[in-house]
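Note sheet for the following structure.
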């Protein structure tokens, strides 16, 4: 009941004009950016994160959350109309969405995708309302050893973000942690500055994120064919009663699969969308229609996609564990505002959290109300040439990396990491583990050093305490489950696309 | 026995070993200021250094994936290198000419290189972009940008 009353007060706060505007702009910008070729939710948040710092924390995070789920929805439009999945998680949507578009029913597919995203998004947020405070309450009992175990659990995510080589993922993770150690250590000593004063404050994480995601994305985009693709007639975006009837169970099942998997750190949206699609095909009385334009084949993965994204906020807010790349960047956003994600977030910044959660409901409604009538306009926006988008993004990257600390060194760092990101991409070195360890590394170190300080250097402290031991065992189990799910998803993605794909993120 | 991993992976492994050695050297430098054997700012650099060296060596011995690294055609690669050059030039010009002039100049070249637009179109796009960003960030959001030697 307390959660409901807190949520209601969150709604009161979320309905202030500025917060509503932040949710509206976030949802619109996110949808727009998600539809632009080559830009997914991760790069969208990376580019826009520094620009939201001019807002207050609540409005900033509301806008970023809007950008996140807007971009997730935007990705489905290109998947359905152009057969271009912005992310691997959109591949199952292409399988039936594009055949529907070719049959002149692209509008109905987009409509169902919007409704499925809305229903699943709301399911996810309802789960967030009830699960996150419970989890956070338990986590309040944590001391440094439990936090260390929790950080270990969070780092198991690396396995699912490592792409095709876990070894490379681990190496990138430790490299990220090494970068995070530049500057002041937990005991106050300056490390790794090699006599250069500018390095004493460490690297700014936003510059690294902008470089690795946004600048690299433009360089990658220059390589890809940039011909405008014409879109045929999309038909009415309002699905028929028959479409709705056929999809309703798929939406619910997809949402449930997505939500449950989204709770597990280490399960990417790609895992849940493929699983939801396969489940729907297995349960269908007409499985032969899948791949030919079955509306359920759009509803289930879209629903799973959004439910996983929304459920990802539960471990993020309650434990400080990001389960996907965009959430890792959102975590960075929370830290910019001085908000420590984890159990104390609900206790110390309850009003903030509940306002953000309430705004998610509002943002999802806005997405549904705006996107159905605007589908035609959005579809035309996919035709903006890369030659216009590219320079705009690059200039925004410079502005974004400069504005965080008003420091030109940060701009230089973004530039260097942009080039490095391009090289990493070419040689298949995954960058998300680097960012994740850069963010979580300092927390891991602090809890590790505090634990050993408590125990007088005795490492048994991590397994003597029941909660810490339980989390460490859960980490090992999760690692095992993640490996199986990733293996399965890779095989399915290979079957669907025809070649090996990187399912990281 | 050494695995037949790709050269790029072995180079990555080698770089990891070097970084690992640097991290351990830093841990050794910090060790005298420790609170306890494992408590202090030296612990994690030492640990991470060790892990980097270990993983670096693994890169030479554990069989990894093999794939062909494909770069774009010569024309596109020249465009990419030009873009990178322009971005470095932008960073330098920001300090000399300030935000406004350098953004106008560099964005014009970026539109020319990335979009292959005519000189006239590139100038128009650059002016529109610079004005929009000026209104948004300087006039509305009052973000202080470098003004350079001209003070603009």
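The backbone N, Cα and C atoms fix where each Cβ goes, and this holds for glycine too.
Quantities reported herein were computed from a predicted structural model and do not represent experimental measurements.
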For this session: Name the residue range among A:352-372, A:436-456 that TrEMBL annotates as transmembrane segment.
Result: A:352-372
Exercise. So which range, A:308-326, A:384-402, gets flagged transmembrane segment in TrEMBL?
Worked result: A:384-402
For this session: Have a look at A:55-73, A:74-92, A:169-187 and point to the one annotated transmembrane segment in TrEMBL.
Result: A:169-187
Problem set entry | Range among A:11-27, A:28-44, A:147-163 that TrEMBL annotates as transmembrane segment | A:147-163
For this session: Look up transmembrane segment in TrEMBL and report which of A:234-255, A:256-277 it refers to.
Result: A:256-277
Exercise. Which one of these stretches, A:289-306, A:469-486, shows up in TrEMBL as transmembrane segment?
Worked result: A:469-486
Exercise. In TrEMBL, which of A:199-216, A:487-504 is tagged transmembrane segment?
Worked result: A:199-216
Exercise. Are the transmembrane segment (A:169-187) and the transmembrane segment (A:147-163) near each other by the rule of at least 3 C-beta pairs under 8 angstroms (pairs 6 or more apart)?
Worked result: yes
Problem set entry | Proximity of the transmembrane segment (A:199-216) to the transmembrane segment (A:108-135), 3+ C-beta pairs under 8 angstroms | no
Exercise. Hey, would you say the transmembrane segment (A:108-135) packs against the transmembrane segment (A:384-402), going by three or more CB pairs under 8 A that are 6+ residues apart?
Worked result: no
Problem set entry | Same-chain residue ranges lying at least 6 outside the transmembrane segment (A:408-424) that approach it to Cβ under 8 Å | 172, 198, 203-204, 206-208, 210-216, 219-220, 397-398, 400-402, 430-431
For this session: Would you report the average pLDDT that the model assigns to the domain 'DUF112' (A:20-436)?
Result: 83
